[in-house]
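Have a look at the structure below, then the notes.
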Amino acid sequence: MAPQGSRAELEFGGPLGAAALLLLLPATMFHLLLVARSGPARLLGPPPYLPELEELWSPWALLLCLTWLGLQAALYLLPARKVAEGQELKDKSRLSYPINGAWGLGPCAELWGWGWSPRPGGEVCGDEPASPIAILCLFYAQDGGGSTGSLHTPPPSTPSIAATLCTREVAGVTLRKLKCLTNGSGQGFQALVLTALLVGLGVLAGLPLSALPEMLLPLAFAATLIAFIFSLLLYLKALVAPASALAPGGNSGNPIYDFFLGRELNPRICSFDFKYFCELRPGLIGWVLINLALLMQEAELRGSPSLAMWLVNGFQLLYVGDALWHEEAVLTTMDIIHDGFGFMLAFGDLAWVPFTYSLQAQFLLYHPEPLGLPLASVICLINAVGYYIFRGANSQKNAFRKNPSDPRVADLETISTATGRRLLVSGWWGMVRHPNYLGDLIMALAWSLPCGVSHLLPYFYLLYFTALLVHREARDEQQCLRKYGLAWHAYCRRVPYRIVPYIY
């Protein structure tokens with residue numbers, strides 16, 4: 001019996017396409033891992049060999065993957081947090097998400113333990129004496145300008161360090177504990193910093209991080225196994241979920257298609273949101289960790305990391321750090337508000353991202369590429385242009401989605417729809433409907449250029465991302481057409497190009 005709930009047109013070629021992708025995506029990932037370490041490094045040729053099961057399966061790799069997931073889940077559940085509301089769901093409710101840029105875990109724990117609570121006007125109560133840790137918390141509580149909400153400061157007469165602290169109200173969410181511990185960054189960025197500190201301490205204590213590249217195959221196999229089992233559990237959980245919790249596109253009634261796309265929109269256990277957790281935490285931070293391990297192994301093999309390896313690590317660390325710093329912006333993306341959480345996102349987050357997106361660093365370890373300062377400077381400029389477009393467009397879109405009257409976008413030209421919604425026209429150049437995708441592509445090119453032009457393999461990410469973004473843009477177009485009707489046609493006439501000006 002087909003599940004109840006809203007339905008959408010089948011995507012990805014329907015059940016047959018979903019079944020093919022269940023096999024094609026893991027096969028592609030393992031193909032890339034194998035050819036990156038081979039001499040010819042042919043993207044389009046056959047892999048140098050087919051690994052035996054003994055080479056793929058390792059209980060230690062599985063334990064390492066589970067430990068990594070457990071560490072990131074523990075950081076996700078840290079008690080000091082800012083809470084933001086997601087977009088409105090079908091049942092008119094909104095889910096809360098932890099978003100906290102607090103850096104000082106000691107300061108947070110001490111203030112949290114003191115149990116200060118905000119007064120109705122927003123003031124912080126408490127007469128505890130000032131301590132060095134509390135003063136540090138004062139520093140971390142300052143506004144970083146990156147998050148929304150209103151600031152309330154207590155009157156000067158409050159006789160304690162608490163008087164100088166601020167509280168932040170986020171999207172109407174009422175907190176019972178202190179709400180001051182935020183500096184505009186996301187809790188995911190905090191997780192990145194804490195992970196870096198833990199890994200650094202581990203390396204100082206003798207952790208053989210440079211041995212990680214030799215375990216990429218069994219680690220990828222373990223991550224794929226976890227993604228399949230996790231997706232099955234998510235599918236079974238969705239069978240008992242209410243109709244209001246189902247995703248628009250993942251409840252077709254075909255088990256293969258629904259397993260792939262995901263039946264439930266925001267699967268949770270208590271307040272732990274699985275999709276939100278996987279979207280930005282274990283895979284993205286794992287990508288950075290693998291890159292770092294590859295850099296360290298190159299240093300051991302050749303005496304020091306190459307300039308090309310430094311550039312790839314730096315560019316991709318910037319990308320991941322940006323995503324985690326602006327963690328709250330993910331709440332308005334298609335992945336969160338439209339797509340169900342099934343194998344497509346689970347495998348992508350847990351396996352595809354860390355083991356495929358690190359392809360350039362893998363290639364450089366086995367195929368060193370000399371790079372001079374003049375060319376490196378040009379590549380840095382290309383990446384800077386891409387990042388500028390990407391970050392500016394994403395920030396503008398997120399601000400407009402959350403509040404079309406936001407001062408940052410209120411003066412920009414818009415088109416009104418029949419339902420009273422507005423479409424942003426001006427934005428970036430007023431000629432590209434998805435400039436953030438253009439920024440993505442420019443950065444992807446900059447990540448590949450340090451690897452030279454003798455092999456196509458390092459440019460796989462650019463080719464893959466081009467296909468991905470064109471497909472995603474087509475999905476965006478269809479959804480906007482259904483949502484805005486004739487106003488969308490007017491919008492497309494005013495903003496003629498989809499991603500690349502004068503080309504597409």
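Glycine is no exception: its Cβ is also placed from the backbone N, Cα and C atoms.
No curator has checked TrEMBL annotations; they are predicted automatically.
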**Study point:** Among ranges 268-290, 337-359, whichever one TrEMBL labels transmembrane segment
**Key:** 337-359
Exercise for review: Could you pull out which residues elsewhere in the chain have a CB under 8 Å from any CB of the transmembrane segment (441-462), counting only those six or more residues past its ends?
Suggested key: 32, 35-36, 41-44, 307-309, 311-312, 315-316, 319, 356-357, 359-360, 363-364, 367, 369, 371, 376, 379-380, 382-383, 385-387, 389-390, 469, 499-500
Point to revise | the transmembrane segment (337-359) touching the transmembrane segment (215-236) per 3+ Cβ pairs under 8 Å rule | key: yes
Point to revise | Long-range neighbours of the transmembrane segment (337-359), counting only residues six or more past its ends (CB under 8 A) | key: 12, 21-22, 25-26, 28-29, 32-33, 36, 69, 86-87, 216, 219-220, 223-224, 226-228, 230-231, 234-235, 238, 246-251, 258-267, 274-275, 278-279, 282-284, 286-287, 289-291, 294, 316, 331, 457-458, 460-461, 464, 479
Review point. Do any residues of this chain, six or more beyond the ends of the transmembrane segment (12-36), have a C-beta under 8 angstroms from a C-beta of it, and if so which?
Key: 42-43, 45, 47-49, 51, 216-217, 220-221, 224, 252, 254, 256-257, 259-261, 343-344, 347-348, 351-352, 355-356, 359, 362-363, 366, 457, 460
